[in-house]
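One structure is given here, and the rest of the page talks about it.
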C-alpha cells in the first residue's frame, strides 16, 4: 500500500496546487465577472417574468374557453370530452410556441454574456479541463489502490493456503526468464512491492560488483534442511560469475534463514559477517513478524558491506500484532478517492454558478411549467400470474529469457551462516 499512498499524496499536492493557483490567478477578474453575471440574471428574471405573465394569461383564457365550451356541449360530447381534448391540445401548442420564443430570447441574452466575457472563456476551459482530468485521474488512482489491496490480501492470506515443503529443484526461478529478477516468492510471504524493491537492489549489486544473487522466500523447505536447500540452489542453477554468487533462503514457518556465499565471495563476505548481519537485522524483524522489513534491511546491509559503505540504521520495529492491521486500512484509500470524486462534482456546480455555466438551466427553471398537460390516471396494478414449482504459478525451467536470464556457472564451498528464531 506504500505506493498507493505515495500516489495519493502526489495527487493531493498537484491538484490542490492547481486549484489554489487557479483561484488566486482569477481573483482580479472575479468582481467584474460577478457583476456581469448578476446583470444577466436580472435580465433573465425579467424575461421569465414577462413570459410567465403570458402563460398565466393563457391559463386563464383556457379556463374561460373550457367553461364556455361545456355550456354548449350536448350529452354525448360531455361524456366523451372530445371538444375539451381538442381545446387542451390547442393551448398546449400555444404554450409550446411561447416556450420556444422564451428559449430564443434566453439564448440571445447568454450569447451577449459570452461575447462580453472573453476572459471568462479562458477560465471556463481551465476549470472544466481540471475537473475532468482530476476526476479521471482519481478513478485511475483508485483502481490502482484496489489492485494493491488485492495483492496485499493475497500476501496476508498465504498462511491459510495448503502448506508446501519446497525442494531446491522445484522452486520457481524468475531469473531464468528475466535477468532483472532475483527473488523467488512462491508462497507470497512478502508483498510484491517488497519483491520489486529487493530485485532492484540485487540488480545494483550485480551491475556494480558482478555478484549474482538468489533470494528464495518460502514457508517450509523439505526436511527443514535449509543448508542443503541453499547448497542445491548453487549446484543446480550455478549461481555466480566466476564463483561470485550469493544465495539467501528464508524458510519463514521453519523459523530459519540461511546466507550462502560462492567460493570467490567467501573472503569478502565471511561467515562471521553473515551471521552478525543476520542477528542484527533479520532476526529482530522475524521475531516481530515483519519479514518484508527484515529482508530489505538484510539485503541493504550486505550491499553496503560489499560496497564499503556505512551500514543502514534500523528503525524501531513494532510487532505486527500491535499495529493496525491492513484490513483496517483497506477501505480508507478508496473511500478518500470517493470523497475526492464527490468533491469534484461539488466543485463543478460551484464553478458553474461562479462562472455562469448554468445560465440556461437557471433561465429554464424560472419558466412556469405547461399547465395544459393532461394528468395521467392510475389504473391499478397489473397482476401477472406465475407458476409454482495462498497460490502461485510455477515459473521454473532452464534457459535464458528475453531479458538475458540465466546464471553464469558459479559454485559454493558451503560458506555462509544460518540463523533461527
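Placed from the backbone N, Cα and C atoms, the Cβ positions cover glycine too.
Because TrEMBL annotations are produced automatically, they should be read as predictions rather than curated entries.
Listed ranges 41-68, 69-96; the one TrEMBL annotates as coiled coil is 41-68. Of all ranges given (125-146, 147-168), TrEMBL attaches the label transmembrane segment to 125-146.
Long-range contacts of the transmembrane segment (125-146) within its own chain (CB-CB distance under 8 A, at least 6 residues past either end) are made by residues 1, 3-4, 7-8, 11, 15, 18-19, 22, 333-334, 337-338, 340-341, 344, 347-348, 351, 355.
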